[in-house]
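Quick notes on the structure that follows.
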Amino acid sequence: MSIASKPSKSAPKAKIAYVCSECGADHNKWQGQCAECAAWNTLSEFVIESAAAGKAAASAGAARRGGWAGKVDPPKVTALKDVTHSEESRVSTGIGELDRVLGGGLVQGAVVLVGGDPGIGKSTLLLQAVAKMAATLPALYVTGEESLSQVAGRGSRLGLPLDGVNALAETSVEKILEQAVATQPRLIVADSIQTLWTESLAAAPGSVSQVRESAARLVRYAKETGTAVFLVGHVTKEGGIAGPRVLEHMVDAVLYFEGESGSRFRVLRAFKNRFGAVNELGVFAMGDKGLREVPNPSAIFLSGSASPQPGSCVMVTREGTRPLLVEVQALVDSSPLSNPRRVAVGMEGNRLAMLLAVLHRHGGIGVGDQDVFVNVVGGIRVQETAADLPVLLAVLSSLRDQPLAEQVIAFGEVGLSGEIRPVPNGEDRLKEAATHGFKRAIVPKGNAPRSGKVGSMEVIAVERLSEALEAI
Ligand code: TYD
Ligand code: MG
């Protein structure tokens with residue numbers, strides 16, 4: 001159902017598709033609901049190619065979209081084993097945590113989308129990275145949001161060496177690429193992709209079609225020239241980067257900047273990475289000298305309260321390659337509503353509902369008439385199932401208004417039949433907790449050492465939810 005599969009042979013006419021801003025799916029005609037992701041009112045008109053741009057892009061575009069426009073020589077097939085390729089060459093960004101998230105440095109010709117809320121520090125991070133890399137990778141910093149003097153002012157306030165960094169205050173993709181061809185940077189930063197627009201489309205800058213097409217131009221340039229490109233993307237209130245998730249398909253890596261507005265810690269997470277592992281975390285602290293790396297972040301996501309509080313449980317999560325101590329907080333309160341609220345911040349809401357059902361069915365503890373709020377401290381998002389057990393312990397602790405014993409950690413997946421399942425890298429997690437002086441750990445049996453101890457920390461192995469509830 002490719003839209004380009006029926007090329008008009010006569011006078012070229014602009015081709016229109018209706019693109020969902022949630023999932024990026026194309027539709028031939030407008031409809032109220034997206035047929036792919038079932039979101040409502042997300043389709044907007046998108047001129048795929050204007051009459052002028054159509055011809056030039058036809059051959060490349062048709063191949064990309066799976067259709068075949070016009071009578072062009074068929075492409076030549078190559079045996080994959082005969083394709084010459086070089087090891088991807090990586091350049092260190094000069095920021096260890098950023099390198100880590102990128103999978104060991106920036107790959108030449110890679111296009112990296114950096115998303116996050118406004119004000120989280122995307123521009124700061126990229127300016128710092130660009131300045132550090134300038135000696136090896138001459139850069140073009142394109143700013144569509146700030147003036148050149150703002151960018152330069154920030155650079156000098158942060159004490160960054162700005163030799164080798166060219167800046168351009170421009171939003172037209174054509175002009176940006178013209179400058180790129182003239183100055184031959186090895187790295188381009190486009191801050192932000194929402195401000196860019198291309199002359200070949202009539203739509204307004206910031207619209208789905210402009211964002212998509214502008215990004216596509218930059219991606220094409222990156223692939224043709226081997227220039228690395230960072231695209232900065234603001235996040236829509238639904239959480240999708242730049243509205244169209246289709247950007248995520250076009251780029252090589254999607255990094256997401258997270259953090260609580262009140263906290264100075266920022267987490268950079270790889271959501272997609274063609275050149276490295278996903279879910280790798282980089283941790284930064286925002287200070288008056290910009291973003292500082294936190295190479296040893298394990299205990300920064302604890303609330304730091306002196307004595308244990310009801311409704312709080314410390315877990316050891318292992319996001320990426322490092323164990324992190326993270327505090328999960330729960331508040332359980334009798335609800336005035338007939339349909340009590342379940343609110344999860346930093347974890348998945350459906351998972352919380354499921355865990356509460358398991359707690360009722362297999363732990364005999366019902367919260368059907370209670371509002372349940374769960375929050376992961378520090379604005380970090382925990383996606384792994386190892387959070388199940390700590391979430392339930394925190395809920396229970398809040399329900400009973402009794403703190404867990406001091407210096408306890410927990411982790412473990414909770415199954416639908418009330419079993420506690422082991423999680424990967426249990427030993428690492430336990431060691432990390434022991435290093436930080438925790439005294440007891442409640443963990444799945446499969447993760448517990450035979451001796452029942454790690455260092456001086458006592459490890460309590462549990463197989464069923466009921467055992468875990470007894471253990472506290
Ligand atoms: P910025 O990088 O402009 O955010 P983004 O590009 O993601 O919108 O960061 C702006 C925020 O960072 C702003 O609220 C101020 C704060 N900040 C500091 O606290 N210290 C600094 O040295 C800098 C440069 C910014
Ligand atoms: Mg910015």
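Think of each number as a place in line: the chain as shown, counted from 1.
Cβ atoms here come from the backbone N, Cα and C positions, even for glycine.
Listed features, source TrEMBL:
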DOMAIN    87-235  domain 'RecA family profile 1'
BINDING   Gly116, Asp117, Pro118, Gly119, Ile120, Gly121, Lys122, Ser123  ATP binding site
MOTIF     272-276  motif 'RadA KNRFG motif'
REGION    371-472  region 'Lon-protease-like'
Same-chain, non-site residues whose Cβ lies within 8 A of the Gly116, Asp117, Pro118, Gly119, Ile120, Gly121, Lys122, Ser123 Cβ center for ATP are His234, Phe257
DSSP-derived structure type at Ser123 (ATP binding site), helix or strand or else coil: helix
For ligand 2, list the binding-site residues among Gly116, Asp117, Pro118, Gly119, Ser123 whose CB atom is within a distance below 6 Å of it, in sequence order. Ser123
For the region 'Lon-protease-like' (371-472), DSSP counts of helix, strand and coil? 39 helix, 28 strand, 35 coil
Can you tell me the three-state DSSP label for Gly116 (ATP binding site)? strand
Among the binding-site residues Asp117, Pro118, Gly119, which have a Cβ atom lying under 6 Å from any atom of ligand 1? Pro118, Gly119
Ten-angstrom check, please: count other Cβ atoms within 10 Å of the Cβ of Pro118 (ATP binding site), all chains counted. 10
Using DSSP, tally how many residues of the domain 'RecA family profile 1' (87-235) sit in helix, strand and coil. 61 helix, 35 strand, 53 coil
